[in-house]
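Enquirer: Below you will find the structure I want to go over with you.
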């Protein structure tokens, strides 16, 4: 077995050029947000993005939810071993949930890795990289509890128009298939004033959309004793001037209450979109999963949401092949999926995760049976998604243009973005029309539907109806800054986004006033 020392090379003098980095992200939206923090921490420490070139530092932010996450990590590390042998001074860091779980195993399987860090100490990455270079040996640092709330760390957003905002970390649920609570700990809630201050800072930087993140967002407030805190938070965020779109993920059906539905329906900035994880349609399987709701309660939630928000697009998560799942159980899942009419679904084949109660359950379902059921489920959901998308054809929707969503936009002369309900829309740019910038809003008529996206082709080749936004202005200024040319005059008073935002700002008086409405008068000690 080789050692780290065999892979370490002398680093070129810092004066020659800044060291470059690449962050690779696997897993959920929490990981995407974490990677923005890792990127911000690296840039604050003087590293620069490799921008597609071979990087001096490769950081892999891992997921531990499914078995293929392990295979993907070690496959990537095997490839990087050869790259590192010929790339003088290269360093490799592994973080996130799988690193938190496997710890020293990462270094045993891949001794050429320089740094292993966990979910609770992301901010330590630059220090660990420097220590590994100085000492010439791998650095393994895993903490058992949160070192600092991630939103206090520097960040670099992928999308100027949009931002992630963590409202909590960790989870108090005990789902038998899930490893996340063991890796991210018990739920810790941020104070409402801190959350609103971060949203305000994002808006000041040009963002017009935020997504509130938590393992179970609608249990937000458990730490300070307010069961209606999440609904209040939605309303307070919706009052922030300049914030046009609010999304959140993920809620838990057992704790999803009508006050949240009311807040969604009565707050214009909250988008008509809901991600509600089903996991299984079988009550027997839900009980074995320790999902403290049953299928009829789940469908009742969807009915109440659609009563208040008729055009809401509802998405879900479903696991196929949980231990003990029979054909009858699976038929119940198909029944609920047909009744629920999800606009899309994230479907997974059950994967044994050591350390979870489900891993040692009897009656593990054979892989070929799981695969066959998975095929039937995805075929059903694809049909439903197509039918639900076809209902949108002929409607006029507003699309927030993205910089990174459309892979073939250049070949098709289209731009891509998200409708208010979260659906992906590819829209045609007619010859002679102005072209929307990332962050601008475009009003289009949907002309075609596919299972996974909508298309808005120009029927009469008329110019696009573009609403130029502060986010588009911020994107344009950022482009000018990166090219070293003067930025065009801003159309609004909002300043351009810094390349790296250095953590949470201090609160402004107006934000503190808004926060009080969330905290509630019954808990004055928790005011920001």
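From the backbone N, Cα and C atoms, a Cβ is placed for every residue, glycine too.
Taken from Swiss-Prot, the feature [4Fe-4S] cluster 1 binding site applies to 28, 63, 97. As annotated by Swiss-Prot, [4Fe-4S] cluster 2 binding site applies to 171, 175, 178. According to Swiss-Prot, the feature domain 'MTTase N-terminal' maps to 19-134, an assignment based on sequence analysis. Here Swiss-Prot flags 157-387 as domain 'Radical SAM core', drawing on sequence analysis. The domain 'TRAM' annotation in Swiss-Prot covers 390-460.
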Enquirer: Could you tell me the C-alpha distance between residue 175 ([4Fe-4S] cluster 2 binding site) and residue 97 ([4Fe-4S] cluster 1 binding site) in angstrom, no decimals?
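Expert: The Cα atom of residue 175 ([4Fe-4S] cluster 2 binding site) is 17 Å away from the Cα atom of residue 97 ([4Fe-4S] cluster 1 binding site).
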Enquirer: Tell me the Cα distance separating residue 178 ([4Fe-4S] cluster 2 binding site) from residue 97 ([4Fe-4S] cluster 1 binding site), rounded to the nearest angstrom.
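Expert: With distance taken Cα to Cα, residue 178 ([4Fe-4S] cluster 2 binding site) is 12 Å from residue 97 ([4Fe-4S] cluster 1 binding site).
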Enquirer: What's the number of neighbouring CB atoms sitting within 10 A of the CB on residue 171 ([4Fe-4S] cluster 2 binding site)?
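Expert: There are 21 such Cβ atoms around residue 171 ([4Fe-4S] cluster 2 binding site).
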Enquirer: If you measure residue 28 ([4Fe-4S] cluster 1 binding site) to residue 171 ([4Fe-4S] cluster 2 binding site) at Cα, how many Å is it?
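Expert: Here the two Cα atoms are 15 Å apart.
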Enquirer: State the Cα to Cα distance, in Å, between residue 171 ([4Fe-4S] cluster 2 binding site) and residue 63 ([4Fe-4S] cluster 1 binding site), rounded to an integer.
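Expert: Residue 171 ([4Fe-4S] cluster 2 binding site) to residue 63 ([4Fe-4S] cluster 1 binding site), Cα-Cα distance: 16 Å.
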Enquirer: 97, 175: which of these binding-site residues has the sparsest Cβ neighbourhood within 10 Å?
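Expert: If we count Cβ atoms within 10 Å for the binding-site residues 97, 175, the smallest count is at 175.
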Enquirer: My understanding is the cutoff is Cβ-Cβ under 8 Å with a sequence separation of 6 or more in the same chain; which residues meet that for residue 178 ([4Fe-4S] cluster 2 binding site)?
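Expert: Within the chain, residue 178 ([4Fe-4S] cluster 2 binding site) has Cβ neighbours under 8 Å at 65, 171, 353, 356.
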Enquirer: Quick one: average pLDDT across the domain 'TRAM' (390-460), no decimals.
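Expert: Result for the domain 'TRAM' (390-460): average pLDDT 91.
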Enquirer: Where among the binding-site residues 28, 63 do you find the Cβ with the fewest other Cβ atoms within 10 Å?
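Expert: It is 28 that, of the binding-site residues 28, 63, has the fewest other Cβ atoms within 10 Å.
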Enquirer: For the [4Fe-4S] cluster 1 site (28, 63, 97), what does the 8 A shell look like? I mean other same-chain residues with CB within 8 A of the CB centroid.
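Expert: Near the [4Fe-4S] cluster 1 site, beyond 28, 63, 97, sit 26, 27, 30, 31, 62, 64, 65, 69, 96, 98, 180.
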Enquirer: Starting from the Cβ centroid of 171, 175, 178, the recorded [4Fe-4S] cluster 2 site, name every other residue in that chain with its Cβ within 8 Å, sequence order please.
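Expert: After dropping the recorded site residues, what remains is 173, 174, 177, 179, 180, 181, 215.
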